[in-house]
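Next up is a structure, given as structure tokens.
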Amino acid sequence: MSDAAGSETLGNAGSETLSNKAAKKRRRREPPPDPAPLPGLVDAHTHLAACGGRDAESVHAILDRAQAVGVDQVVTVADDMVDARWAVAAAEWDDRVYAAVALHPMHAGDLDDDTAAELERMIRHPRVVAVGETGLDYYWPGKSDDCASPAVQHETFRWHIDLARRVGKPLMIHNREADRDLLDILAAEDAPETVIMHCFSGDRNVARECVDRGYFLSFAGTVSFANAEELRVAAELVPDEQILVETDAPFLTPHPYRGQPNQSYCLPYTARAIAEVRGVSEEQMARLLGANARRAYNIPLP
Ligand SMILES: [Zn+2]
Ligand SMILES: [Zn+2]
């Protein structure tokens, strides 16, 4: 009897913990609520296929939800060849979508004659507005067997820089823990006129160096994270004409929804965080961020 009572108590305690865990898990899977609309925005970097946009209907649905809160256009970004084909298709399915194609530094080892020829073809598509994301990622080598080594990343990065310069389209940079090498390669390789530092993650010194070189700094939800003081310093010092905002969805959901699924409709949360850092009205900030994205990628008003 007492044994049974004991195990029952244990059972209850156990299931209570389990249901707390389940609630937490549910919250993590639950998309953030729609923000109040903030007109004029462009999501400068998202991954529609990874957000579930793999056919015309689901891409329209993602863009409809974004447009309802003021995000009129998006640039969807590839990180491997399969993704690049999705990105170009999405830009053909929906005229609010533009594409960027490249091999992400993690997949830098995929560059060979065939993939180079296909990327050369894709980048000339009128709705492909940038070479990206390319760059360097020093976080994953050694942690993931799938990640290209730094030496391979350097070689593929140089190839992408050359491609962007030859076709006269912007270069969209991924940088994770590789500030110095990345800036040195960009300087040595004679980067194209427009360089976009996607999901800017450097400190104020890196931010100043990028600003001095005329690069765009694109801020993701990370700028709103509690521990991102240095990033907010960067977001404050960048001049008006060099700042962009992006979701990098489905990753990097802005505060207070960190860890939950991200999509382009969440962009106003980050745009508002940037407006607050820069001490300007959110409407003014949104207009500036949208206009900068259209100028950077050379895309027309919707
Ligand atoms: Zn990236
Ligand atoms: Zn990305």
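Glycine too: its Cβ is placed from the backbone N, Cα and C atoms.
Please treat TrEMBL annotations as automatic predictions, because they have not gone through curation.
This is the feature table in TrEMBL:
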REGION    1-42  region 'Disordered'
COMPBIAS  9-20  compositional bias 'Polar residues'
BINDING   H45, H47, E133, D248  divalent metal cation 1 binding site
BINDING   H174, H198  divalent metal cation 2 binding site
Given the divalent metal cation 1 site residues H45, H47, E133, D248, which other residues of that chain have a Cβ within 8 Å of the mean position of their Cβ atoms, reported in sequence order?
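Checked against the 8 Å cutoff, the neighbours are T46, V77, D79, G132, H174, H198, C199, E246, T247, A249, F251.
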Using other CB atoms within 10 angstroms as the count, which residue among the binding-site residues H45, H47, H174, H198 scores least?
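Each of the binding-site residues H45, H47, H174, H198 was scored by Cβ atoms within 10 Å; lowest is H47.
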Measuring Cα to Cα, how many Å separate D248 (divalent metal cation 1 binding site) from H174 (divalent metal cation 2 binding site)?
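Distance between the two Cα atoms comes out at 11 Å.
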Please report the distance from the Cα of H47 (divalent metal cation 1 binding site) to the Cα of H198 (divalent metal cation 2 binding site), rounded to the nearest angstrom.
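Cα-Cα distance, H47 (divalent metal cation 1 binding site) to H198 (divalent metal cation 2 binding site): 13 Å.
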How many Å separate the Cα atoms of H174 (divalent metal cation 2 binding site) and E133 (divalent metal cation 1 binding site)?
6
Please work out the number of neighbouring Cβ atoms within 10 Å of the Cβ of E133 (divalent metal cation 1 binding site), leaving out its own Cβ.
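E133 (divalent metal cation 1 binding site): 27 neighbouring Cβ atoms within 10 Å.
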